[in-house]
Amino acid sequence: MEQFSTSSSESSDSSSEYSLEFYMDTSWVLDAANLVFFMQAGFGMLEAGMVRAKNTKSILLKNLINTAICAISYYCVGHSFAYGKVNPNSFVGFGNFFLMDYTHYAYWMIQWAYAATATTIATGAMAERLQLHCYILFTLVQTILIYPFVAHWIWSQNGWLFDLGIVDFAGGAVIHIVAGITGACGSFLLGPRIGRFNQESGKPKNLPGHSVVLMSLGAMILWYSWYGYTAGASLGMTRSRVLPASRVSVVVTLSGATGLITVLGIGKIFNGHYDLVKGINGLIAGLVSSTSSCAYIEPWAAIIIGFIGGIVYWFSSWALLNWLRLDDPVDSTAIHLFGGCWSLISVAFFATHGRVRNPDIILPGGIFYGGGISLLWVQLVGMVLAILWAGFLSGIFFFTMDYFGKLRVDVDTELAGLDNSNHGGSAYIFD
């Protein structure tokens, strides 16, 4: 993000506060932040549709709590660890706690929305069996200890991965890999939902969500919001950022559409029908797949990236369920962890020469543009370190909660549904 523009709202000096350019860029960032925040509604509808009716209230409350707690914790500490300007180092930012001596509020807004998105994605993988207070504590851990450090390494101009030359325009690693691996750790330690696997054969059994209508609505909200989420990472619409921000929107459109069509086609080949739920996930996988590269590639490359992203999603989803017995009700691990990895790697192949970073720091293009493998190595290092950091810390957290019996709800609560047991009754009332 900072790597894209040296004139971002975070680095603007006071002399430009009253310029037209400053107002236009700030307005752009605020509008984009609003769209990124609106992704919470998209994930809420998507996840509500993917869980069973008896857990609808639970999943919606989870998203509201995640967003609210993330706002407070990111305001107090999280943003400081990511972008604090008082004696920062290559490992972590420092200073500006509680936004003291910090006036780049538009930049804070979009960064908070990104952090909240990473937390919401992760907790979806643990739906229908995680205790509510564990959601709350995990949100604090994710927003204070996990997400800000990776964001600092990759997006801050002081970060050490930034100095190595990593390229992650809109968060393939910072958001999606972090969210995917933390959700996977939680889901793995929770274990599968009751009835997810046949007790005799061990084969997975279908536990379908209760509303494809909510899923479809959520998917369309996410697709719409993705334009603010990705194009907003340009941090402005003036000078040299106008064309890249526009190209980002085209790239995201093509990669998402290709991911959807690819997964629908695979489903027709293997299952004999077009699977709406898988198609929705393919759409999101396609969107995720272009997140790191969308500012640096040609539109034709977006189709290839979305196509491969759809394939990666389909087979990783199957392998996680059938080989690892990982019960992820919303498939967020396959979509975001594997999609985020592919997103980060794809930059090293398809990035065009001269677009990577800002005009003052030109890096070689991707392998297909004669750039060699130097960028690929940097991308792989960033991918591995994001997985290790987020996986290690979240693993310790969930293991500790499990050790003290505070991770999973009891059997009776799970069978009755979290809505009836913990939230005052069903989300649906029929006279």
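Just so it is clear, glycine is given a Cβ too, placed from its N, Cα and C backbone atoms.
Some features that Swiss-Prot has for this protein:
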| type | residues | note |
| --- | --- | --- |
| TOPO_DOM | 1-27 | topological domain 'Extracellular' |
| TOPO_DOM | 49-63 | topological domain 'Cytoplasmic' |
| TOPO_DOM | 85-102 | topological domain 'Extracellular' |
| TOPO_DOM | 126-134 | topological domain 'Cytoplasmic' |
| TOPO_DOM | 156-160 | topological domain 'Extracellular' |
| TOPO_DOM | 182-211 | topological domain 'Cytoplasmic' |
| TOPO_DOM | 233-249 | topological domain 'Extracellular' |
| TOPO_DOM | 271-300 | topological domain 'Cytoplasmic' |
| TOPO_DOM | 322-333 | topological domain 'Extracellular' |
| TOPO_DOM | 401-431 | topological domain 'Cytoplasmic' |
| TRANSMEM | 28-48 | transmembrane segment |
| TRANSMEM | 64-84 | transmembrane segment |
| TRANSMEM | 103-125 | transmembrane segment |
| TRANSMEM | 135-155 | transmembrane segment |
| TRANSMEM | 161-181 | transmembrane segment |
| TRANSMEM | 212-232 | transmembrane segment |
| TRANSMEM | 250-270 | transmembrane segment |
| TRANSMEM | 301-321 | transmembrane segment |
| TRANSMEM | 334-354 | transmembrane segment |
| TRANSMEM | 358-378 | transmembrane segment |
| TRANSMEM | 380-400 | transmembrane segment |
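Contact between the transmembrane segment (161-181) and the transmembrane segment (334-354) is present: at least three CB pairs lie under 8 Å, with pairs separated by 6 or more positions in sequence. Put simply, of 64-84, 103-125, 212-232, 301-321, 380-400, the stretch with the most CB pairs closer than 8 A to the transmembrane segment (250-270) is 301-321. Outside the topological domain 'Cytoplasmic' (182-211), and at least 6 residues removed from its termini, the chain residues within Cβ reach (under 8 Å) are 48-53, 56, 121-126, 128-130, 138, 142, 146, 277, 321-322, 324-329, 332-333, 336-337, 390-391, 394-395, 398-399, 402, 407-408, 411, 414-415. By number of Cβ pairs under 8 Å, the transmembrane segment (380-400) is matched best by 135-155 from the list 64-84, 103-125, 135-155, 212-232, 301-321. Only sequence-distant pairs (6 or more apart) were considered; of these, at least three Cβ pairs between the transmembrane segment (28-48) and the transmembrane segment (212-232) are under 8 A, so the stretches are in contact. Taken residue by residue, the topological domain 'Extracellular' (233-249) breaks down under DSSP into 13 helix, 0 strand, 4 coil.
Looking at which of 64-84, 135-155, 212-232 has the most CB pairs under 8 Å to the transmembrane segment (103-125), the answer is the stretch 64-84. The list of residues near the transmembrane segment (212-232) in space but at least 6 beyond its ends in sequence, with Cβ under 8 angstroms from a Cβ of it, reads 28-29, 31-36, 38-39, 41-50, 110, 114, 117, 169-170, 245-246, 248-249, 252, 256, 276-277, 280, 283-284, 287, 290-291, 294. Helix, strand and coil counts under DSSP for the topological domain 'Cytoplasmic' (182-211) come to 9 helix, 2 strand, 19 coil.
If one looks beyond the topological domain 'Cytoplasmic' (401-431) by at least 6 residues along the same chain, the residues whose Cβ comes under 8 Å of a Cβ in the stretch are 52-58, 60-61, 128-134, 137, 189-191, 193-194.
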